[in-house]
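Single-structure report; data block below.
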Amino acid sequence: MINDIRRINITTSSIESLNENSKYLKRNHKRTIKICAYAITTFALFFIVVVYFKNQTNVNDANRNTLAAIDETSLMNKEIAYLREILKKYKTKTNENNEYAYEKNDDINGDGEDEHELLLMLHKFLKNKGNPNKIDRFDINNNDSNKNRGNENIDQINILSQKLESMHDNIKYASKFFKYMKEYNKKYKNIDEQLVRFENFKTNYMKVKKHNEMVGKNGITYVQKVNQFSDFSKEELDSYFKKLLPIPHNLKTKHVVPLKTHLDDNKIKPKEGVLDYPEQRDYREWNILLPPKDQGMCGSCWAFASVGNYEALFAKKYSILPISFSEQQVVDCSSDNFGCDGGHPFLSFLYFLNNGVCFGDNYEYKAHDDFFCLSYRCAYRSKLKKIGNAYPYELIMSLNEVGPITVNVGVSDEFVLYSGGIFDGTCASELNHSVLLVGYGKVKRSLVFEDSHTNVDSNLIKNYKENIKDSDDDYLYYWIIRNSWSSTWGEGGYIRIKRNKLGDDVFCGIGIDVFFPIL
């Protein structure tokens, strides 16, 4: 042990060298710690900086989006504010010509709920109409958008300008549309359907206005107005007026009695000529007609015409006030007809012949088909003996010797919009509607709107008289027809249609299909 110790030669210089090495190792250790600390600090600072700038970018984007949203909201608010201002101004316009009730907005005034709905509907309408492709808003991060931003902004300004220019007219039509909805109790599923109906209404309204400006010119002797069909499209109207069912020849041969045979059987001697009969005949003055009924959205005109004919002749025969009989019974129970999908008055009379018809109170009208025939409800059934018919040249004779008769007509868009006067417009080429012929007459052209049943605006009558020429003040001949579209349509539910002096010109198809019940 001692020898080993002796082998170690320890000097002062060796000890100093060892001390230096120890210090060097300590310094390296501290340097490593510092480097690690600096690295960690640098990484932390870098991370903080990255996070900061990322957050700042998100904040900028959010602010930009917020500003854009605020800009869009401001634009919408400006539009709505403009609409409100126009609505207020429009309400004060009371000096415009009043073609009919929709020129004034009294019902809209003060109705906050309706005004809000009006603005909502119109705002959506204007956005869809003025910008159908939904032009995207300007995006500052989109290079393509940046490149064309000037053009896009100009386009958007032009679009907005066009919107603002058309707002006055649209707010005017929209306010009329809301009054129309109230009057006819129109209910729509959603705002999209309401917009479609608004467009249909606006089209028909402009058509009516254009027609009424021409009344008195070019021989036009009737006026139009919007009614329960004015929110229909042309396709819907064509679908509503269905072609009348054909009559099997064998049934017609078996059950129909010609007019002259019927008169001979009842020992009635008719006049020798049509001109021997009175110049006027109006069964509205005889107290044998009920007020015009309303078939609604059911294609049951054939039932209303035939039942109305039966009611009138029943009252005339027994000299009593008219009693209402059941259209719904015929709609549900007449298997030869197709209910609300169409029929024919002859087939309706054939049902009366075999089964009778009950009072309306026992079998009330629903304006739709029932799955079952509920004729057990009928406490009393009145039958007829035979079915009569007449030729076109016998219409005036029929009205005088029999009474009201059922005829079929060809209804057109112009016919539907009729409001008053003597209709001389275009008719459909096919018979598609059944009505009750209740009289005929004649009138001087200048006095067309002086009829007691006419309720035409005085301004229209004034314009009509200014437009006709004194040299053209001849006599006009017409039929009086009761429709089944309620008493709000036409002249209290009636229409006057032009005819020639003898009544055999079959205008609008009147005279082609003529039937009446023989009690």
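Keep in mind that glycine also has a Cβ here, set from the backbone N, Cα and C atoms.
Look at Swiss-Prot and you will find 1-32 tagged as topological domain 'Cytoplasmic', backed by a curator's inference.
What Swiss-Prot lists as transmembrane segment is 33-53, and the listing cites sequence analysis.
Taken from Swiss-Prot, the feature topological domain 'Lumenal' covers 54-519.
The feature N-linked glycosylation site is assigned by Swiss-Prot to N55 (among others).
Sequence annotations record features per position, and here Swiss-Prot assigns N-linked glycosylation site to N143 (among others).
Feature annotation from Swiss-Prot assigns disulfide bond to C298-C340 (among others); the stated evidence is similarity to another entry. Around C340 (disulfide bond), taking its Cβ as the centre, 19 other Cβ atoms fall within 10 Å, counting all chains.
Around the Cβ of C301 (active site), a 10 Å sphere holds 27 further Cβ atoms from the protein chains shown. Marked as active site by Swiss-Prot on the basis of sequence analysis: C301 (among others).
Taking a C-beta cut-off of under 8 Å and a sequence gap of six or more, C333 (disulfide bond) has these contacts in its own chain: Y351, N355, C373, L374, S375. Look at C333 (disulfide bond): DSSP puts it in a helix. According to Swiss-Prot, the feature disulfide bond maps to C333-C373 (among others).
Sequence annotations record features per position, and here Swiss-Prot assigns disulfide bond to C358-C378 (among others) based on similarity to another entry. Its Cβ placed at the centre, C378 (disulfide bond) has 18 other Cβ atoms within 10 Å.
As annotated by Swiss-Prot, disulfide bond applies to C427-C508 (among others), with the evidence given as similarity to another entry. Packing around C508 (disulfide bond) is summarised by its Cβ count: 29 other Cβ atoms lie within 10 angstroms of its Cβ, all protein chains included.
Here Swiss-Prot flags N432 (among others) as N-linked glycosylation site. Long-range Cβ proximity for N432 (N-linked glycosylation site), meaning a same-chain Cβ under 8 A and a gap of 6 or more residues, is found for F241, K242, K243, L244, N408, V409, G410, V411.
As annotated by Swiss-Prot, active site applies to H433 (among others), with the evidence given as sequence analysis. Within 10 Å of the C-beta of H433 (active site) there are 28 other C-beta atoms, taking all protein chains into account.
Annotation source Swiss-Prot lists active site at N483 (among others). Packing around N483 (active site) is summarised by its Cβ count: 28 other Cβ atoms lie within 10 angstroms of its Cβ, all protein chains included.
Taking the Cα atom of each, C508 (disulfide bond) and C301 (active site) are about 16 angstrom apart.
Look at C358 (disulfide bond): DSSP puts it in a strand.
The local packing around C298 (disulfide bond), expressed as other Cβ atoms within 10 Å of its Cβ over all shown chains, amounts to 21. H433 (active site) and C298 (disulfide bond) are 12 Å apart (CA-CA, integer value). When the recorded positions C301, C340, C358, C378, N483 are ranked by how far their Cα is from the Cα of H433 (active site), C301 comes first.
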